[in-house]
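Q: One structure coming up, written as structure tokens, with questions to follow.
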């Protein structure tokens, strides 16, 4: 700015040093030295150029000179007009011309100079031209050092950037400068742009060098991402990289797009590892049993979608049977997942847990099926045995335990109580109960409609006691296998029918596993066997009679009730006796009378003597 130095006349007539900042039509914008006055516009007639620096200083007595001095301590020094009165060596006595009163002062030679002969400036004293600056170069043009060479080339007094007009201002005292500016301005701007680019690259290289030196001793990790997963790793508009760079402690992240290599530098291992978690995308697969694929996917994909959402994986794919990209195991289907390493670990945990749960549920289901199959097998044997028909939910084994078999007195007592209730009940009650029994009786439990008591339906007269009496030499096993009446001795129609009704109300069920032939043996601790080694019907009745005689309960209290009950039962069921007990023809009765044995005669005698007892005891099963 020394070349644009001017002298501005103050109000006291002295000239003060200043600098031109801008040129206007009729004034100059001047900045004063040391800013002792604010910047202001000064008219041309109050501004002059300083004298040349190489002027010869020849001063003698009586010459007019200019003295560099100040009026007071608050003002800076300026050039005052004076006159030399006396000279003595290096000292000069001067007299100020601006003061009314004579004011003398002794000064040295350095503070004196000849009177400035330059006139005040005019409009054509200074020339100004402007150059528009592109937006990308405005910041660079604000530095005046960038125009040093250009200023020298064009001969300008001053070159500066004006931010309000975004123009480059060139001030000069020569008109030739304007022409040179028009020639060199474009070249100057290109050179600024080139230098700016080179400077920027140099700065980046310097920063990279410094960063590399710092990172050499810091933590860093390097990993490769597959090319088809590079888009996921970078993220939308580089969001993943930006997120990784925001991790506290991460200093730099570098990406080699050609090889897909990421390099992460940080101040700590944890920071580098955390940043890597945002960028490292991988693809992995999990084997799922083929029979569980549908349950893993769920209805409308609900289960697999929940697993994907909770784990954070990007996508999932099920490899088809015709694809052989991944290794397969027998009975397994690969599920392929894509995501960060953390999300892949999460989905592996979720899927393995769900598969283990499904396997456990399947195992429990199979165990239940096995149990149900065993129950069906057991139930099929129970249902098909002896023509008993189906049992209700409260069914228990009719034979009971060994203790029940060895103590028949308990069931005998229960039967007596039932008979007592029958005898004491009114006629209406008995009639209604008879109607209910008659509705249940025709089919019976596991019996045919005709009243036959054998398994699988009626067998005619062969299932009755009369058939046995007709043929004493026949095999008694057939009777025990095919009827339920082998536990009783039905000697006549009334007695058999009466005992049948009682057995329906209270009798102990037999299991299908009990031996039919030994049923008669278990009714008494001392079973009698005839000379052929077989148990006959007469022996069975004899045992029942002997057991009844051993009972300790008093029979007198129930004798009357038993007689009435037996009589009522015989009268009520008289018409159906023939149908129940077997053959109804007279020829059949005659044959049975002719073929009676001494054992059967004994049975009839016992029946007549103990009619009431036989009605109760012969029904024990």
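Note: Cβ is positioned from N, Cα and C throughout, glycine not excepted.
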Q: Pick from 56, 148, 560: which does Swiss-Prot describe as SUMO2 cross-link?
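A: Annotated as SUMO2 cross-link in Swiss-Prot: 56.
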Q: Looking at phosphothreonine as annotated by Swiss-Prot, pick the matching residue from 177, 522, 611.
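A: Of 177, 522, 611, Swiss-Prot lists 611 as: phosphothreonine.
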Q: Just to confirm what the record says: which one of 409, 450, 496 has phosphoserine annotated in Swiss-Prot?
A: 409
Q: Quick test of your reading of Swiss-Prot: among 330-345, 442-457, where does it put region 'RNA-binding RGG-box'?
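A: Range annotated as region 'RNA-binding RGG-box' by Swiss-Prot: 442-457.
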Q: Of 11, 200, 311, 420, which does Swiss-Prot mark as phosphoserine?
A: 420
Q: Ranges 169-176, 185-192, 201-208, 209-216: which does Swiss-Prot label region 'CC1 domain'?
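A: From Swiss-Prot, the annotated region 'CC1 domain' range turns out to be 201-208.
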Q: Under the DSSP assignment, what numbers of helix, strand and coil residues are found in the region 'CC1 domain' (201-208)?
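A: With helix first, then strand, then coil, the region 'CC1 domain' (201-208) has 8 helix, 0 strand, 0 coil.
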Q: Give the mean pLDDT for the region 'CC2 domain' (353-379) on the 0 to 100 scale.
A: 92
